[in-house]
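Peer 1: These came from TrEMBL, pasted as-is:
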- A:Thr231, A:Ala232, A:Glu233, A:Arg262, A:Glu285, A:Asn383, A:Ser385: L-serine binding site (BINDING)
- A:Arg262, A:Ser263, A:Glu264, A:Glu349, A:Ile350, A:Ser351, A:Ser352: ATP binding site (BINDING)
- A:45-79: coiled coil (COILED)
- A:137-410: domain 'Aminoacyl-transfer RNA synthetases class-II family profile' (DOMAIN)
Amino acid sequence: MLDIRSIRQEPDVFKRKLGRKGISPTVIDDLLAADEAWRTALAEVERLKALRNATSEAIAQKKRNKEDASEDIARMREVGGQIQTLDEKVREHDAAVRDMLLALPNVPHDSVPAGESEADNPVLRTWGDIPKFQFTPRAHFEIAEELGIVDTERAVKITGSRFVLYKGLGARLERALAAFMLDLHVDKHGYTEMFPAFIANEDSLVGTGNLPKFGDEMFKLEGLPYYLIPTAEVPLTNYYRDEILSADDLPVKFAGYSSCFRSEAGSAGKDTRGLIRLHQFQKVELVNLCLPEHSYAVLETLTRECEAVLEALELPYRRIEICTGDLGAKDAKKYDIEVWLPASNTYREISSCTNFEDFQARRANLRFRRSDTSRPEFVHTLNGSGLAVGRTVAAILENNQEADGSVRIPKALVPYMGGIERMTK
RNA sequence: GGAGUGAUGGCCGAGUAGGUCGAAGGCGCUCGCCUGCUAAGCGAGUAUACGGUCAAAAGCCGUAUCGAGGGUUCGAAUCCCUCUCACUCCGCCA
């Protein structure tokens, strides 16, 4: 959520910045008109309330002195009715302003490159050697099927399409990757490990910006105000919701492993096979809360921490920057990390690292104090996938496949696999 | 699932015949004094949000907030209704 007072002060700045995201300037004009109406009504009703408070005090005084106050009481009865009507109006205007603010996307940072679509996202760096194969590399789902480590058919029987079931060494690989990633972030990068509930309430989802706009991308529990979390970002970012931290508490670095549930995953009709696009996948998520002046440095560090996972697993990747046209609604600046997938001869997103600045913090009322005497300010929030486990499995299967159908386990992962160095039929 | 109790400021905790209660008192915290230093002691201060005023900040004015929402009333922390949450006991359960 953007700051209405800043918008009031510098409407043109917001028009320009939101214009980079394709938002029409009239949206700002409408917002300011609604805001003006709200403030006018508010001033009026507050004036009446001040009158009522003063008169009520006078009534109390008169009653104590055994004087007659019936005239004042009659007058206030009328004022009370006016207040009720005006209060209703204030509420309506306030709701209108809030709805408009909640619907507005974040403003992109000035450093975000302009662009229409994902095709315009610049590549910032690449790492690792793309493997050369003496044979045609096969897709991860074919390898997995042949190794018997993923059972899609029965997952469909048990649940439905867009779900998988890991079996045997596949299940172990999932577990190993999650443990490896968590250990790396906790031991090397200074994160606090978190294991949240996979269900969150509506306030939390509003806090991170998933509601009210993106409710249909999530699974809602029938008859309950609960949703399956689309990412651990939701519980981790909301951990300090409605709290005021001290500056000493910052930065906060949370690493959380969770299943992630996405209802939209089936609609696009692509990646219908394999581990790329599922209604449920597992992910280790990194969440950072920090001082506003540090958030862009933190974004760089955070992105490196996510890339470190791929480097440790010896998987080639590249980092791209998301341009204005491809930037998500909550994002001020975002890097995607894409891992090389040989079978499709392309890089695929395996992590997103984003600085939200105070967009989420304002929604979640997540603040800090620089000193005991200073006023609360909003923290900046960031997160990054470190990493999506299913896509990491896919990347290992495809990049480490051999002609005989076996798959080499990355060295760093061998201890987590009980010493197994290779998966064979 | 059954029965019961409760929800007040950073924390603890007063406050029910409705009226000067944003709310006693204590603790904590901040600043100052005092002391060779620390502790103790003394004094002052110490919520948040929004609106207005101001170039802006401070300040000042106003409104709201005693779990949330609604109601009664000129006036509600105090009365009524609904909801939420927490705790205790019983049952069930990994």
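Glycine too: its Cβ is placed from the backbone N, Cα and C atoms.
In TrEMBL, annotation is done automatically, which means it is predicted and not curated.
Remember, predicted model here, so these are calculated numbers, not experimental data.
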Peer 1: Suppose we draw a 10 Å sphere around the Cβ of A:Ser385 (L-serine binding site). How many other Cβ atoms does it contain, all chains included?
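Peer 2: Step by step: centre on the Cβ of A:Ser385 (L-serine binding site), count other Cβ atoms within 10 Å, giving 27.
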Peer 1: Other than A:Thr231, A:Ala232, A:Glu233, A:Arg262, A:Glu285, A:Asn383, A:Ser385, which residues of the chain come within 8 Å of the L-serine site, judged by Cβ distance to the Cβ centroid of those residues?
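Peer 2: Near the L-serine site, the remaining chain residues are A:Pro230, A:Val234, A:Ser258, A:Cys260, A:Lys283.
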Peer 1: Far apart in sequence but close in space: which same-chain residues, 6 or more away, have a Cβ under 8 Å from A:Ala232 (L-serine binding site)?
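Peer 2: Those within reach of A:Ala232 (L-serine binding site), by Cβ under 8 Å and sequence separation of 6 or more, are A:Met194, A:Pro196, A:Gly256, A:Tyr257, A:Ser258, A:Cys260, A:Lys283, A:Val284, A:Glu285, A:Val287.
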Peer 1: Tell me which of the binding-site residues A:Thr231, A:Ser263, A:Ser352, A:Asn383 sits in the most Cβ-dense spot, judged by other Cβ atoms within 10 Å.
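Peer 2: When each Cβ's neighbours within 10 Å are tallied, A:Asn383 leads.
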Peer 1: Out of A:Ser263, A:Glu264, A:Ile350, give those binding-site residues positioned within 10 angstroms of A:Ser385 (L-serine binding site), comparing C-alpha atoms, in sequence order.
Peer 2: A:Ile350
Peer 1: Consider each pair of residues in A:Arg262, A:Ser263, A:Glu264, A:Glu349, A:Ile350, A:Ser351, A:Ser352, all listed by the record as binding ATP, and report the largest Cα separation in Å as a whole number.
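Peer 2: Answer in Å: the longest Cα-Cα distance is 19.
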Peer 1: Rounded to the nearest Å, what's the C-alpha distance separating A:Arg262 (L-serine binding site) and A:Ile350 (ATP binding site)? Just drop the number here, would you?
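Peer 2: Answer for this pair: 16 Å between alpha carbons.
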